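Trainee: Pasting a structure here, questions to come.
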Amino acid sequence: MSDAIDLLLNTSLWASVLRIATPLIFGVLGALLCERSGVLNLGIEGIMTMGAMSGWLVVYMGAPLLVGLIFAALCGAMMGLLHAILTVPLGLSQHVSGLGITLFASALAYYLYRLLVEVGDLPPTIEAFKPLDFPVLSEFPVLGPILFSQALPTYLALTAVAVMAYVLARTPLGLAIRMTGENPHAVEAQGLNPIRIRIGAVVVGSALMAVGGAFLTTTAFNSFFPGMVQGRGWICIALVVFAGWRPGKALIGAMLFAFFDAFQLRLQTTVEGVPYQLFLMAPYVLSIVALVLVARRAEVPAALMAPYRRGER
Amino acid sequence: MMRLERRSHVPLHLAIIAPLAAILTALLLAAGLIAAADVNPLTAYGEMVNGAFGSRLSIAEMLTRATPLVFTGLAAAVAFRARLWNIGGEGQFFVGALITAWIGHSLEVPGWIGVPILMFAGMAAGAALLAGPAFLRLRFGVDEVVTTLLLNFIVILFVGLMIEGPMRDPLAFGWPSSVPVDGDYRLPDLIPRTRLHIGLLVAIAAAGAVWLILARTVFGAETRAAGLNASAAAFAGISLPQTIMGVALLSGALAGLAGSVEVMGVTAGVTTTMSPGFGYAGIVVAMLAALHPAGVVAAAVFVATVFVGADAMSRATGVPSFIADVIVALCLLTMIVALLFTTYRVRR
């Protein structure tokens with residue numbers, strides 16, 4: 001027991017919380033943006049895989065790391081566009097289309113990786129993002145190493161939360177997106193085009209998801225391997241519900257989740273006699289528990305999963 | 001201005017053309033990726049057909065692969081018809097497999113009693129696993145897509161725990177495996193000296209049984225009504241919770257049976273790698289079949305052809321075998337577009 005308390009007081013645990021939360025923050029923001037406009041995007045798991053592969057690949061081929069993130073975002077946007085076309089103008093089942101995108105994007109990522117990269121005994125590696133070093137600030141006791149020794153993508157994720165919160169809550173664009181998720185007919189009556197708004201939201205949301213995936217291969221690890229997203233996308237879908245479709249709460253949810261994950265990772269090495277699989281199950285069990293806890297009072301966007309057809313009620 | 005108008009019924013010729021058109025489109029799109037590997041797509045597809053149908057052995061191998069896909073395809077079709085989004089076929093497959101190996105290792109009854117008992121155990125385990133998410137949806141309104149997906153990860157970890165711990169086979173070399181089912185409960189071969197077992201016949205019988213249930217029973221009519229228009233169904237006096245739970249038990253049982261039959265027919269013991277995504281591929285099978293039980297058998301054979309054929313093609317041409325997953329995923333996407341044209345017509 002005292003071991004567990006020692007762990008909680010360890011700054012490296014708290015620094016790793018932000019690191020583990022980063023891909024989730026990108027993913028949950030992306031999923032949240034899609035859903036706020038009324039489109040469930042179950043393509044997330046595959047889009048993150050595609051982002052992880054494509055971002056890593058261009059860096060492996062010689063591009064700078066930042067270009068890797070941008071390229072991952074573009075690839076994610078393409079997958080998002082495909083999902084948007086199928087579900088918004090065509091009005092197909094968002095569940096089935098999303099799963100199709102996940103299967104397709106992951107398969108394509110694995111295929112292209114095998115095709116373009118010579119894999120020996122060990123997967124090839126790149127020079128990953130390094131923790132930034134803010135002079136003075138990082139010397140600050142406790143908070144210094146936690147907040148000011150992260151890698152660049154983590155700060156991008158935190159910025160994205162602020163931007164998303166501001167845009168959704170305080171700008172006409174945000175109002176239009178939220179209204180499209182609640183009542184697309186009202187949007188149409190305002191002279192705006194709900195179809196375009198939904199397509200835009202899904203494309204941008206998917207780009208964010210892909211950057212979350214790219215974090216895994218350009219920061220958390222320095223190589224790509226099949227199955228590395230490991231259900232993080234599905235966890236993000238659960239986190240959106242847990243966060244009540246709000247960016248600020250999404251950040252808290254992702255951090256809370258990452259905290260448990262970081263904690264179980266460290267418990268694995270200190271507690272003996274418990275099969276490690278039980279610890280690895282924790283994140284998934286936790287996601288289900290979180291869903292059950294909030295399900296009753298979840299304020300789901302009213303038009304989520306309802307396809308919009310002009311002139312049809 | 002074009003608009004879509006719902007057809008009152010789907011003409012038979014469209015119902016048959018739709019999946020064929022979808023498959024053709026998917027193969028055309030994947031041809032671009034094969035060409036990117038500097039291989040002539042026609043050569044590659046020729047190798048695939050040859051790899052799945054070229055010899056008695058390859059046909060048997062393809063049908064062996066199709067067997068679990070029929071079960072998981074039926075599981076998805078039954079659930080999707082009632083708009084119960086069971087994406088947990090993979091997890092249900094594994095619990096079915098695990099319980100079969102567990103009981104089948106120590107059971108001491110004759111084979112002809114033992115095999116049905118083990119199948120029933122696998123079905124019960126799969127049904128129980130899906131009953132949880134169905135209950136959470138009905139009681140708390142928790143979306144079953146996410147819960148069934150997350151359960152897949154939990155179950156695979158649980159399988160890992162069991163086969164490295166309590167169910168570990170001390171005689172297995174290399175990767176950990178569970179203890180095998182007793183030899184009395186291994187399913188007999190359908191074609192001698194191949195891996196094909198009588199599980200294929202069980203799968204076809206299951207498709208027939210599901211067809212009967214859906215087309216000829218009150219429960220079948222209720223599931224269809226629940227899927228088409230839940231509020232109208234409720235208004236007509238159908239108990240939605242009961243129907244959804246019934247669908248969940250049937251769907252989970254079918255996916256659990258897939259795992260049970262795979263253990264008794266092919267692997268004997270359980271490993272974490274025994275399924276190359278049978279549960280997920282079952283969703284594609286169900287959609288290609290337009291959720292029809294008879295179509296599921298045909299679609300399972302197609303998907304198995306792609307997987308078995310791609311392995312052979314990959315060995316012959318060097319195209320990565322992940323092309324099979326790409327083709328199957330593309331089929332799902334093209335099929336849902338094709339289905340749009342069977343249920344709607346374009347009017348100007």
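Numbers run from 1 along the shown chain.
A Cβ is built for glycine as well, from the same backbone N, Cα and C atoms used for every other residue.
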Trainee: If I go by TrEMBL, the feature transmembrane segment sits on one of A:199-218, A:239-258. Which?
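Mentor: That would be A:199-218, per the transmembrane segment entry in TrEMBL.
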Trainee: Any residues 6+ beyond the ends of the transmembrane segment (A:39-59) with a Cβ under 8 Å from its own?
Mentor: 23, 27, 30-31, 65, 67-69, 71-73, 75-76, 79-80, 83-84, 87-88, 94-95, 97-106, 108-110, 112-113, 116-117, 126-127, 198, 201-202, 205-206, 209-214, 216-218, 223-224, 228-229, 231-234, 236-237, 304-305
Trainee: Which residues of the same chain, at least 6 past either end of the transmembrane segment (A:199-218), have a Cβ under 8 Å from a Cβ in it?
Mentor: 22-27, 29-34, 36-37, 39, 41, 43-44, 47-56, 59, 65, 68-69, 72-77, 79-81, 83-85, 87-89, 126, 128-129, 153, 156-157, 160, 177, 180, 224, 228-229, 232-233, 236
